[in-house]
Amino acid sequence: MTALRTAVHPEVSRLRAPYPEGMSSLQHPHQAPSPRLRLVLAEDSVLLREGLVRLFAEAGFDTVAAYGDADTLLAEVDRLRPDLAVLDVRMPPTFRDEGVRAAIELRRRQPGIGILLLSQYVEGTYVQELLASGEGGLGYLLKDRVASLDELQDAVSRVSAGGTVLDPQVVRELLARRSNPLAALTPRERDVLGLMAEGRTNVGIAERLVIGVGAVEKNVTAIFQKLGLDDTGSDHRRVLAVLAFLQA
């Protein structure tokens, strides 16, 4: 008994043929592949930096450079011209706000660049500072959120497209700040305002906190700005700031 053989139409054979190497089944033979998004990374933790590079590669992004500090990134970014910068908020040398300062400088140099900040903590003051410009292309995520490849890929894609991505915990803090004006103050500014409420002068505050009078004046100015107290040429701002402190 001869085996039954089924004739296959030539067109069917052509469709079943393997696709050329490097081409997906959805890509037309004459269609150029979409350019991969190019990003730079600044993260002082070696393990996290290497892990992020791997995650970005798995998500289909090209990490063109990865650094351990913001200064090195800023020195190279004009040459690299990336689509997006991923920055740790706290990096050497002070581990305070190097990433935020770098983000502001990057936006000044390359207005269209996307910025994704990563932090161990919710630092709403920094987010407000960056959002104040009203520009898009900004993201702020807690580091434990980037363990999810899907969430990281979505955040990078949205930020690079001009969107804004904020960690849910950051959103909750920003909403809380709207009802508590003092929430925007730093711990030092709170100390200064508390001593103002005690009736101390700038000199008295400086002596109590063991800092210079100039530093006190700088903190007082920041307090007025954050509480929305404009200079009217009188000393009413000091009274209004103390009232805000007592009512909080």
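Backbone N, Cα and C atoms are what each Cβ position is placed from, and that goes for glycine too.
As annotated by TrEMBL, domain 'Response regulatory' applies to 38-158. Residues annotated as domain 'HTH luxR-type' in TrEMBL: 178-248. Residues or ranges marked as 4-aspartylphosphate by TrEMBL: ASP88.
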**Message:** What does the DSSP secondary structure composition of the domain 'HTH luxR-type' (178-248) look like, as residue counts for helix, strand and coil?
**Reply:** 51 helix, 0 strand, 20 coil
**Message:** Give me the count of other Cβ atoms within 10 A of the Cβ belonging to ASP88 (4-aspartylphosphate).
**Reply:** 25
**Helix, strand and coil totals (DSSP H, G, I; E, B; other) for the domain 'Response regulatory' (38-158)** = 59 helix, 27 strand, 35 coil
